[in-house]
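Annotated domain 'MTTase N-terminal' per Swiss-Prot: 5-121, in sequence order. Residues annotated as [4Fe-4S] cluster 1 binding site in Swiss-Prot, with sequence analysis given as evidence: CYS14, CYS50, CYS84. Marked as domain 'Radical SAM core' by Swiss-Prot on the basis of sequence analysis: 144-374. The [4Fe-4S] cluster 2 binding site annotation in Swiss-Prot covers CYS158, CYS162, CYS165 and is backed by sequence analysis. The domain 'TRAM' annotation in Swiss-Prot covers 377-446 and is backed by sequence analysis. Marked as compositional bias 'Basic and acidic residues' by Swiss-Prot: 458-468. According to Swiss-Prot, the region 'Disordered' annotation covers 458-494.
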Amino acid sequence: MSQSRTYQVRTYGCQMNVHDSERLSGLLEAAGYQRAAEGTTPDVVVFNTCAVRENADNRLYGNLGQLRPVKDANPDMQIAVGGCLAQKDRGEIIRRAPWVDVVFGTHNIGSLPALLERARVQREAQVEIVESLERFPSTLPTRRESVYAAWVAISVGCNNTCTFCIVPALRGKEKDRRPGDILAEIRAVVAEGAIEVTLLGQNVNAYGSEFGDRQAFSKLLRACGEIEGLERVRFTSPHPRDFTDDVIAAMAETPNVMPQLHMPLQSGSDRILRAMRRSYRAERFLRIVEKVREAIPDAAITTDVIVGFPGETEEDFAETLRVMEEVRFAHAFTFQYSKRPGTPAASMDNQVPREVVKERYQRLLELQERISEEENAKFVGREVEVLVAEGEGRKDDVHRRMSGRARDNRLVHFAVDEGVTVRPGDMVTVEVTYAAPHHLVADSGIRNLRRTRAGDAWEARNAPERRPTGVLLGMPKVGAPEPQPSVVGGCCDS
């Protein structure tokens, strides 16, 4: 294979998919591919798909249809489809889009380079789906999108049986990574410049169930607190069933674990929670929130909510609104229920009419928008520490601002004084001057700027390549990647 073949990975879905795409990119580059420059047509396009939402199928097949004339004009181009939708649809993808070259599943992403080569040599589509994961794939190369913040997967799969969710069927039973492997990867990314790590799992706080340690997750959080140079630790997404007191204590007592918690509610109605097979009730959820706020008063709590689950009545929906008003989430990812073939909920009676779902959804949005704005308004006049990010603010250039995340993960847009150089990965302290439902603004200037190792790493990664002036041995070069859009919600949310 020519060393000049280029690739592009298109990612849909949750944070786990984003991290899987980093590993797919690492695999391709290890096999000699180069990332396609923006505006060019890649030799290989990889779709890393999601199967959680109803429009996932339409989105994939629509994009595949757009690529058909490109493939017709360039038969050597290859198209690969992986991820949860590939695990679900398998050979159906080739039937509906016969110009696709490779279909691979969630359990064998490491096979992608070999499958591409086999398809190229044999001139026929390759479909390879593995039914289950034998062990956690800890050794796959990774091309990280960020040098200052990193995803680190601690488990894959899920042992829950929520009636609306197809993820366990596609990702399999939970497989836990060994603690030593996790901590070794965290130390490695910190050595490369990262100062923030997010621990990932479909049900992240159930970590340890495979090897029989019910406190493994809290122990892991405390171990992260001992890693020199690691300034921020986050995790997503926990399940209320497994949110135990030892986890709350570890969050409160480990300084680099951030005061932020994303915990899916899904519904405030006990009747609907039972139909969803969620193994908690509203009172249990509220008690967890109470304990978290007792231990971590400044914690920002976010959630997921599904509107219009089969059988949901106006009384059930009112219970959801009541719980949301009581908790006062900093933010909520809200979804209109959609049928997923293969899930028990898809065949339930009493499917809620679409117009009713939309009307309730709008009321839910209006409530959460008000709460988010009221909670954010409490920050006006307060100073916050922000880890400067890349690609977080769509209008930063227009407003001459930069953006980043506060300790509690609130998005902050801040003005940069003329003549001051701030890099992604640096830390700034700013005073909030304005609050909106989804972000804070700090236009009064930077109170403190701390240049960090992460900022140094970002600067080194984005420095122009220098041409050698003598006769030197050829060394591999690392290009500057484009930032990937942040992805929220989705199948990581338990």
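Placed from the backbone N, Cα and C atoms, the Cβ positions cover glycine too.
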Find the average pLDDT over the domain 'MTTase N-terminal' (5-121) in the predicted model and report it. 91
Excluding its own, the Cβ atoms lying within 10 Å of the Cβ of CYS14 ([4Fe-4S] cluster 1 binding site) add up to 24
Among the binding-site residues CYS50, CYS84, CYS158, CYS162, CYS165, the one whose Cβ has the most other Cβ atoms within 10 Å is CYS84
Using DSSP, what is the helix/strand/coil residue split across the domain 'TRAM' (377-446)? 5 helix, 30 strand, 35 coil
Where DSSP helix means H, G or I and strand means E or B, what are the helix, strand and coil counts for the domain 'MTTase N-terminal' (5-121)? 59 helix, 23 strand, 35 coil
Roughly how many angstrom lie between the C-alpha atoms of CYS50 ([4Fe-4S] cluster 1 binding site) and CYS165 ([4Fe-4S] cluster 2 binding site)? 12
Cα of CYS165 ([4Fe-4S] cluster 2 binding site) to Cα of CYS84 ([4Fe-4S] cluster 1 binding site): how many Å, rounded? 12
